[in-house]
Each structure stands twice: as C-alpha cells, then as structure tokens.
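Participant: Here's the feature list from TrEMBL:
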- 21-44: transmembrane segment (TRANSMEM)
- 94-513: domain 'Major facilitator superfamily (MFS) profile' (DOMAIN)
- 150-168: transmembrane segment (TRANSMEM)
- 180-206: transmembrane segment (TRANSMEM)
- 212-229: transmembrane segment (TRANSMEM)
- 236-255: transmembrane segment (TRANSMEM)
- 261-279: transmembrane segment (TRANSMEM)
- 343-365: transmembrane segment (TRANSMEM)
- 371-392: transmembrane segment (TRANSMEM)
- 399-418: transmembrane segment (TRANSMEM)
- 424-447: transmembrane segment (TRANSMEM)
- 459-479: transmembrane segment (TRANSMEM)
- 485-508: transmembrane segment (TRANSMEM)
Amino acid sequence: MATFDDLLEEAGSFGRCQKRIFAMLCFLSLPFSGVYVGIVFQGFTPDHWCRDSALVERREACGWSLEKSRSLTAPLVNVSGVLQHSSCDQHEVDWNNTELSCDPEGLDFSGVAVAPCKEGWEYHYQGRKSFVTEFNLVCSDGWLVDMYQSTLNMGFLVGSFAFGYFADRFGRMKSFLMSNVINVVAGIGLAVVPNYIVILVLRAIFGFSVKGGWMAIYVLLTELVGVKYRRTVGILYQMFFSIGLLILPLLAYFITDWRWLQVAFTAPYALYFAYYWFIPESPRWLISQNNSSKALEITKAIAKENRKKLSSHFEVLIDDEVESTSASLLDLIRTPNMRKHTFILMFNWFTSAVVYQGLIMRVGLTGGNVYVDFLIAGLVEFPAAFLILLTIERIGRRLPFASANIVAGISCIVTAFIPDSMFWLKTIVACIGRLGITMAFEMVVFVNTELYPTCVRNLGVSVCSTLCDIGGIVSPFLLYRLASIWLELPLIIFGAVALVAGGLVLLLPETRGVALPDTIEDVEFPDRTTLAFYPGPYMLWIYFVLTHYNTILLLFT
C-alpha cells in the first residue's frame, strides 16, 4: 500500500505542472491586498471643518480664502500638543448680520460660544472621493470608519472556519468557485449600494468569502507540491500579497473614487472563475474521500505535464497526513507544554495582525503624500521573505521569529519619539518596524504547524489563527481612537505588544532539524526517546555527565 507522497515523488514534487499552477494561484494574492488594506485610500479622511451656508455666501462676497474663513469660524483646540483649528466645532456667529465687516482683521470671535457642526462639513478633497466624505463619517461618527475594517475582519474570522469545513467537505476547487461567486456579488454590491449600514454588512460578507477562498487555495497549493517545497511555496505565495501592496497606491492614484476602486478590487475574482477548468482538485483530498481512482487519474495528468512516467502501479493509495478525528479543543491546553505553545502562539497571531494592520493604516494619518509613503512602506516587505528563507535553515526558527518581533517593537517606540522635522530618519525607522512585523507575520504561520502534533495540527492552527482576525477587528479602533488623543500613541502600544510577543517566542522550543511531533506525548516529552536508554536516577546522572562533558572539563582545567 503506497502513500500519496510516494506517488507524487514519481510524478514530480515541483515540476512543470506545479509551477504553472503556482504561477496562476499567486495572482489571487494581488486583489486580496487591496481588500485587506484598501481602507487607506477608500476611507481616506481629508482635512475638514464645519460648513455654514451663510459663511459660504459671505466668503464669496468678501473674497476670503477657505483657510481664512475657517480661521474665523473654527475655534483653536489642542491636538496632540499642537494648537489647530477645530474640525468638529464652530463659533456660533450669525453670518447674515450685515454689520459684520469684510475685513477679517477686524473680526474677533474668541469670546463667542462654541457649538458642534450643524450643517455638515466642508472638505479639502485632495483629489480623492472616499466613503468618509460621501457619508460624513467624521467627528462623532468617526468610529464608523473603524467599523469598515472591523467588519471585514469579522468576515475573515467566520470565513476561515466556514470555508475550512467547506473545503474538507466539498473539495478545494468547489469551495474556491463558491467563494468567487460570493466575492463578485458582494464586491459589486459594495460599489453601488447607497446606505452605509448595508455597506458594512456586504463588507463582512466580502471578507467571509475572500479569506475563505484564499485559504482553500493555500491548502490546495501545499497539497500539490512535495513536502520539501511546501514552506518555500507558502512563503512566496504570501509574498505576492506584498506585490499587491505595491500595485495598490498606483491603482488608487489613477482611480480616485472609492466605489470604482472597489470595482477594481472585485473584477479579478470574475476572471478567476476560469481557474476551475485549468487547476485540478487536490488528489490528497480525493484520497481522504476514498476516491483513489480519481486521485490517480489527476496524478497521472500531473506526471504527463511534468514529462515523467509513473513506473509503479498504484492501486490503493493512503494519505499519510490524515489526522485523527478525535482531536479536541481541550487537547490544546490540557498539558503544560501544549498549553504554553497555544497561549504564546495565540498572542503572536494577535500581535502580528494588530501591529501589521495598524502600521499600514497609519500611513493615511501621517499627513504626507499617502501614495508615496504607502509605496515606500510596501517595498520594505520584500526582503522579509528572503530573510526568512535565508535564516530559518541556518539559524533556526526561534531566534529570527523573536528578533523580528523585538525589532518591530523597538522601531515603533523609537519612531514615536523622532520629531517630524527628521522626516527621513522617522521614515527609515518606521520601515524597519514594518519589515520586522512582516517577517513575524509570515513566520508564525509555519512555526505554528511545526509545534503541534499531527493529531491536532490543523485544529491548533485554526484556533490560534482566529486571534489574527480578532486582532484585525481591534486594530482600527486602537489606531484611529488613540491617534485622536496623540498621533504617536498607537505606535507606543504597538511597540509594547510586539516586544512582549518577541520575549514570549524565546520560551518556545527550537524546531529546526526536529521531526514533526506525531502525538501530544512527543510535545510534552521531546527527549523521552533519548532518556529511554538511561532508566533510573544513576543512569540519568551518567547521561548528564556525558552530555555536559565539555563544560565539566572546562571547570577543572
């Protein structure tokens, strides 16, 4: 009886067929980046102030500039330690009073009562039309902007579980096809509906299907290649998300209306329908469904495209990666090491999402050129994948993983205290932080799989990664609400959280060169096979002396 890995080895672990499929599937990550962080452009909040129709008429009659009329009607307020004209309040002045002079120097309203905006707002559009300006989501309604990103992550959270079930029940490609149908319907709906509450509902549905389909394809991709190529393929698949981040500011620069930008994010998913006829179902999944004949047929087609011929006759196939169906949530926390791994990994998933999304969305708040700043920050993500591939087999997993979090944390805190006058230094340090958290985000994925035993591996990754989506729900509220108090305050919080995450990673065991655990006992007693040769207290003492021979020798020389 042969395993699918035996068959795949003969058909080609990463041949011409898998390279073609890999190239096609990588394009899925491009629009996903727009969906994930498009809020930077779709939810752009320009400078704004209270609108007063009588003041508009007086401004036109007297020839005042926008800035001059704003300075007359908006009181000064302290924003992050700097006095600025208020965006949410105005002096209660009767601008229809004909006795008011057109000479602004003779007008002083500092002692006049202040009230919230009554007729909406005027915006300095800067060439962009966002849902913020369309629905006036500023001041007391500013939290609704946070909801645009949070509802997306709520959809991510539910979609991860739902499509995990759909992919296991109905297959990877059927689930992907279903996700694309929902993507197109919800995505176009987002671009046309006139009500913001309906937009939030559709945004959650869009997140539900986009994340679910992306994960189903990620699983399919890793199942079609040989074991030794999985990690590299997975990292490169995620790297195309970074390429999407570079395309996004260019797209947003030319498409300035948020609704048309939404159409641009959605359109590729209509093209991906064609993938259903060019990419096969996962043979490994077919075997798990007792459909070995179809799995063998697909594998023969893969071998043919790879210009290889199956030399053996495989009549009965088994999947040596099928996990136990008796896995329980309690297995993740019942024993000490499993409990430690679970809590540390959950915190790192949460940290990666909070800091990564927070740093990206912060680009829209810094006041610089949002397109250039976003492009520069996106460029620094590329070294992350190569640094990971360069270090994980030479140094290990734990040290690069911990270092990435610690570097991100220190960079965030340092950036917060660099004055704005030192623009390039502030930008460079912030980019180093972005690089660090990108590395940490990409590493937590495969470190998670290596620390859990086979019997609960998928369950462990699913449970821990839910904290990623919870972090995504929290992140916009942390960023936008804290930034309204002090622009740099979110960076302090991000830095502290990342430093804690990095310190916790040092408590995890190193997994480089270590066989994947098969049972919970392997996790709890990783050295039991070695210790089994030395039973009893005297033999354990001999074992200690032998393993620490060099250290003991140095003490007596």
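Backbone N, Cα and C define each Cβ position, glycine as well.
Annotations in TrEMBL come from automatic prediction, not curation.
Model, not experiment: these values are computed from the prediction.
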Participant: Count, for each of 21-44, 212-229, 236-255, 459-479, the Cβ pairs lying under 8 Å from the transmembrane segment (371-392), and report the range with the highest count.
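Facilitator: That would be 236-255.
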Participant: Report, as numbers and ranges, every residue of the chain located at least six residues beyond the transmembrane segment (261-279) whose Cβ falls under 8 Å of a Cβ in that stretch; write 'none' if there are none.
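Facilitator: Result: 21, 24-25, 27-28, 30-31, 34-35, 38, 41-42, 173, 176-177, 180, 183-184, 187-188, 190-191, 220, 251-252, 255.
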Participant: I'm a bit unsure how to read this: which one of 212-229, 236-255, 459-479 has the highest number of Cβ pairs shorter than 8 Å with the transmembrane segment (485-508)?
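Facilitator: Result: 459-479.
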